[in-house]
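Straight from TrEMBL, the features:
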type	residues	note
ACT_SITE	C168	active site, glycyl thioester intermediate
BINDING	19-24, D43, 51-54, K67, 112-117	ATP binding site
BINDING	C153, C156, C430, C433	Zn(2+) binding site
DOMAIN	5-430	domain 'THIF-type NAD/FAD binding fold'
REGION	550-600	region 'Disordered'
Amino acid sequence: MASQNQLASIKGAKVLMVGAGGIGCELLKTLALSGFQDIHIIDMDTIEVSNLNRQFLFRKSHVGQSKAKVARDAVLRFRPHISITPYHANVKDPDFNVDFFKQFNVVLNGLDNLDARRHVNRLSLAAEVPLVESGTTGFLGQVTVHVKGRTECYECQPKPAPKTYPVCTITSTPSKFVHCIVWAKDLLFTKLFGDKNQENDLNVRSTDATSSSEHVEDVFERRKDEDIEQYGRRIYDHVFGYNIEEALSNEETWKNRNRPKPIYSRDFLHDEIAQQNGNVDNAASDPSSVSAMASLGMKNPQDIWCLKENSRIFMEAFKLFFMKREKEIGNLTFDKDDQLAVEFVTAAANIRASSFGIPLHSLFEAKGIAGNIVHAVATTNAIIAGLIVIEAIKVLQNDTNNYRMTYCLEHPTRKMLLMPVEPFEANKSCYVCSESPLTLEINTHRAKLRDFVEKIVKAKLGMYFPLIMHGAALLYEVGDDLDEAMVANYAANLEKVLSELPSPFTSGTTVTVEDLKQELTCNINIKHREEFDEEKEPDGMLLSGWTQASSVEKDDNKSNGNGGSTSNASQAVPVEAEDNVEMDVPSGKKRRLSEISGQDLLSFTDETKNHGKLEVVDDDDDLVMLDGDPGLNKRKRMQ
């Protein structure tokens, strides 16, 4: 039962919720039932059918409507006298600036992506408003408290990039089904239905063409007077047949590997043309409901299709895209909620898997891999929502000594399913809350300012409205109030190499990068470097200085750590990881920074070896799953 002081702080609080999904629905309900009177919700998403199994404020009739607005209406039906203000918008919109955040007593996060989390963290720091972070995936969950000057911020511990595989593995020597999914989703689907100018190894040159030929046919271009059936079969034969034949011609590659087998449409589709053409004509008129499975009378997404069935789905989905969704072709990107896209990618991945002797998977399984889905558990969301409210009440009462970061486990660890941890101190090397300078190794004679902006400022530092200064010289700025001359000048600077800028970058230069919307400033020390390892440092630059907190020490048991590059370079394709990290936790003990790493969420794992190296998010739910962090095996042992 809440005390009078607690009730007073609850009723007088103005709360900002960011996210109205799996956690958000449970959180809004719990806040309302706990007595909170003034709640604001931001969510840019609309309700989808796939949300209904765990987001209990929504019904089928709400599909397509704003999550924030429907959640508000649902809660007001049983708490009509409280104030709930919904915003169907992106939290990164300019309206939600530091001044907007300052009006709240606490911010509660239930987001589904890293960029938005970082943005909210920075606005909360700038506004000096406490932030309660949260996440769930399956049976695992976390709630963390971040208060400026008292605890670490959300970004004090670097978030490792998703595990990556070199493109050559994806395109030439797949050994796991996930390799086939990435090939089908990021290469084939994009080449056919997305940006046709994407360069990749799908379009192998014909054997009579030399590398210097300027007239090599692009097999992905539809020929004049070629019907969809012929076009689809030609693509099928090229990627599953001819490309495999070409790969087999390199005998060295297959000395220690199983040789793949080419697959051609004539072997599986010879009697399907007439039957399928009739089905396409009867397909649903609503583009969003078009389905190859429905067209072919296949109903169960958990069935594992044979090679012939996968070939039929492939061709049917291919034709449906061109006959029912032709206007979208050229601009499509893979979406796990796009039924036709999932069907096409599943079929293509299975055909390729069959070629390489990899076990086939059902559409249900393939969708989970392609969308990085760890299926949600509603009970976990409810537990985490309750813990968020508990921490929010502590924050409102300034009960600093009792703040806890709590981890929800799938199986008891030392007889505990909820693991409380005292908040960690701020990382002194964190460039966000401690304003420590970073160091960038870069070839200043080759790299352009555009490379610096895209690969470092935006991709690594998460600044999307940056201002870049060298001394008193303003080299680049983004904003709506710039005149044409300034825009032209900054655009010209983007194309200049760093050493040729009006105020050149040289070794020893200190560059200031600022995001006025986040009220964040970062200093970067430039260090010129001639050469980089193309495999380990594909960006041609290396950012350092943002490291784990230094108060941990090495354990004798060495781990593999992060391993991969932290970039999203074109030489590597991010995929779902499979490694797992385990950790012993003493029963009943609370730990400080000096005793445990700050990224231990998935370290409290179970014997079943679930995913231990994923960087982000559930399907559209709410967890940052923390990677196999070097700090896990560097922490001090418990006494």
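Any Cβ shown, glycine's included, is placed from N, Cα and C.
Considering only the binding-site residues D43, N53, D112, C153, C168 (active site, glycyl thioester intermediate) has D112 as its nearest partner by CA-CA distance. Neighbour counts of Cβ atoms within 10 Å were compared across the recorded positions C153, C156, C168, C430, C433; the minimum falls on C168.
For G22 (ATP binding site) paired with C153 (Zn(2+) binding site), the C-alpha to C-alpha distance reads 24 Å. Summary: among the binding-site residues (D43, D115), the fewest other C-beta atoms within 10 A of the C-beta are counted at D115. Each residue contributes its Cα atom, and for G19 (ATP binding site) and C153 (Zn(2+) binding site) these two points are 19 Å apart.
Nearest to C153 (Zn(2+) binding site) in space, judged by Cα atoms and limited to the binding-site residues D43, N53, D112, D115, is D115. Between the C-alpha atoms of D115 (ATP binding site) and C156 (Zn(2+) binding site), the distance comes to 15 Å.
Taking the centre of the Cβ atoms of C153, C156, C430, C433 as the Zn(2+) site, the nearby residues of that chain (Cβ within 8 Å, site residues left out) are L125, E152, Y154, E155, A426, N427, V432, S434.
Between the alpha carbons (Cα) of D43 (ATP binding site) and C430 (Zn(2+) binding site) lies a span of roughly 28 Å.
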